[in-house]
Every structure is written in C-alpha cells, then in structure tokens.
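In TrEMBL this protein carries:
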COMPBIAS  1-10  compositional bias 'Low complexity'
REGION    1-37  region 'Disordered'
TRANSMEM  38-57  transmembrane segment
DOMAIN    97-251  domain 'Glycosyltransferase RgtA/B/C/D-like'
TRANSMEM  115-136  transmembrane segment
TRANSMEM  142-165  transmembrane segment
TRANSMEM  196-229  transmembrane segment
TRANSMEM  241-259  transmembrane segment
TRANSMEM  334-352  transmembrane segment
Amino acid sequence: MDTTDTLPTTPAAPEPATPPGTTTRPAEHSPPTGRRSAWTRPALVALLVGTGLLYLWDLGASGWANSFYAAAVQAGSVSGKAFFYGSSDAANSITVDKTPAALWLMALSVRVFGLNTWAMLVPQALCGVGSVGVLYATVKRWYGPAAGLIAGAVLAVTPVATLMFRFNNPDALLVLLLVAGAYATVRALETASTRWIVLAGTLVGFGFLTKMLQAFLLVPVFAGVYLLAAPTGLWRRVRQLLLAGVAVVVSAGWWVAVVELVPASARPYIGGSQGNSILELTLGYNGLGRITGDEVGSVGGGGGRMGGGGGGGGPFSGQTGLARMFDGEVGGQISWLLPAALILLVAGLLMAGRAPRTDRTRAGLLLWAAGCWSPG
C-alpha cells in the first residue's frame, strides 16, 4: 500500500489587530511603482537637460540685458559694500530700486568667472532649471510623475519664462523661491507639519529680499490654503501660520533693519525713493505704485517696466496696473494660458464636489490657481 508523506504547513501569521478607536485609511496619491516609475528618472533628466539647453543656448545674445542691473552686478563683484546694499556703482552713491538678493547670485558668479555676459546670466538660467525641477517635484507628490513632467514642460517653454530666465531682472530668483515655497506648503499640507510651513514662510521672506512686496502676493494664497486644508485642528493651524509669519518677518526683515539702522551718511542713497528710505521704496514705488501705476521715484515715471530700473525692462516692458497681464506687451507672453487655466479650475472644483475639508485635489487646485492669477 503506497503512502504519501504530507508536509506540514505553516499557518499564516495573523494580521495585526487594529487598536481600538482607530481606523485605517488608504494613502492618498501614493507614489507609482514598478514599470511606470522606470521611465520617470530618464524623462526628468531629459526635461532638465532640455530646459538648460533652451535657456543657455546663445545666452550671450542678450548682451548686458538690463544695463541698470548689470552695472550693479559689476559693482557688487568688486565692492563688498556695493554687494550688500545692491549699489549701482562701486563708489556706493545710490542703490538699485530693488532689494539685492538676485544681484548677489550674479555678482558672486562674476567675481568667480570674471565680468562677461555669460557669468552674469548663467545663474538666471540655472534658476529657471531649478524652478522647473522643483515644480515637477511639487506636482508629482500628489498627481504623479506624468502630471509633474507636463507642469515642468509647460513652465519651461512658456514664452515669458524663456525670456525671464535669460535676462538679469530679479524675477528669475523670485520664481524659484516662490515655487519652492509652494513645494514646502504642499509638504506641510500632507502632515500638518510646522517645519514645512515655517520653511514656506522663510522662502517667501527671501523672495521679499529679491523683489519686495511682489513676493508677498502669495502669502494669502499659501496661508489660506493651509488654513483651509491642513489635516489638524483649527487653533493648531492658526498657531502654525503665526510661526510662519514670524519666519517671513525675520527672513525678510533683517536686511531692511540693517539698512534702516545704518546712518544715511554711511550707506548709499536708496534708489527709487524720494526720502532715502527703504520703507518708502517698499510701500511706494515697489508697493502700491505697481498696482496704481503711480511709480513716484522711478527713473522714467510710471510708463512701466517690469522691474525695469534705469536701463529699461527689455522684453518685459509694459504699463503697470491690474490690466497689465492683458496688454499688448505682456498678453502674448503668458495671458493666453489664463482662460484655459480658469476653465480647468472650475471643472476641477466641480469634480471635487463635497469632498472633505482636507481633500488634496481641491487644495492643489486652489494653491496653483491663486498663485497663477497673482500679478507679478
């Protein structure tokens, strides 16, 4: 009689019990794995390399770009005092009409590589590559790599971005800092992280050191979306936003405090102001003047340059005011995207319907839509 040996079977390990009073919740927008992720890295590398080639190709054709800022870059490369204040000349007679963070990058490059147009403009192009990469990382976290690549590619080839990242106006660094601020806000929204929302405030503060109050246009966007959608209690959200506000003030205010405390006789005149005051420049020419068009203190009045200064804004010229994004100078560079963005926003919000307060789809739509519609 044949006998068959039966191998003993190992019983399956019991599933861990769920602690009383807790519920399991599937992870939202979990990162893709397997075959789909195999193409992600090569595609990202191709996007960044292509963006770099686009922004660096024949970069010298821009010449000295905005000569007003080019002079300040040259001054900052030879004088530490001119570097700190953003003086338009090495003798430190007067500053440019902006805070100097963008000049710092270009002046450091010129100090290392010598005075030439490439040394001045390559940091601007690299800010563009960085902006595309950070935007990809931000969108990818919630919507996957395909959406991130599309978002990065759209930014890379948008005409106004191509011009901006090949020019020496402050907008290149400003965009990089604000996109990084959006990334930090997205990270904060995922876990109600105090660290990330404070980092977002810090990045906005450094945006102020790049182009003053224009960076603060996104403060209500970041704060409002976080207050609406962060997955924690109301009062904790409020406390976290207060801490982020402190981070904005500290990261933006240290330079302003130094300039205001140093006697006027020991520093250059504040360009763009009537009374040699950085606060006047902030609230006047670079504040309400950007909305009303009454740019008292500017070189050439309110006829409008986009952050122009005395040398003119080059490809960014146009009238100041709320209607500026739709005028003949700027409309063809970016405004043609706005109707499509508005339609997609409305459709997305309707699809979100009665989703929970913390719904990421709605939070992401509000974050990016409000950011895109904030005038620069």
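Glycine residues also receive a Cβ, built from the backbone N, Cα and C atoms like all the rest.
Whatever TrEMBL says is automated annotation, not expert-curated.
Worth saying up front: this structure is predicted, and the values here are computed from it rather than measured.
Contact check: the transmembrane segment (142-165) against the transmembrane segment (241-259) gives fewer than three Cβ pairs closer than 8 Å, residues 6 or more apart, which falls short of the contact criterion. Most Cβ pairs under 8 Å to the transmembrane segment (241-259), among the stretches 38-57, 115-136, 196-229, belong to 196-229.
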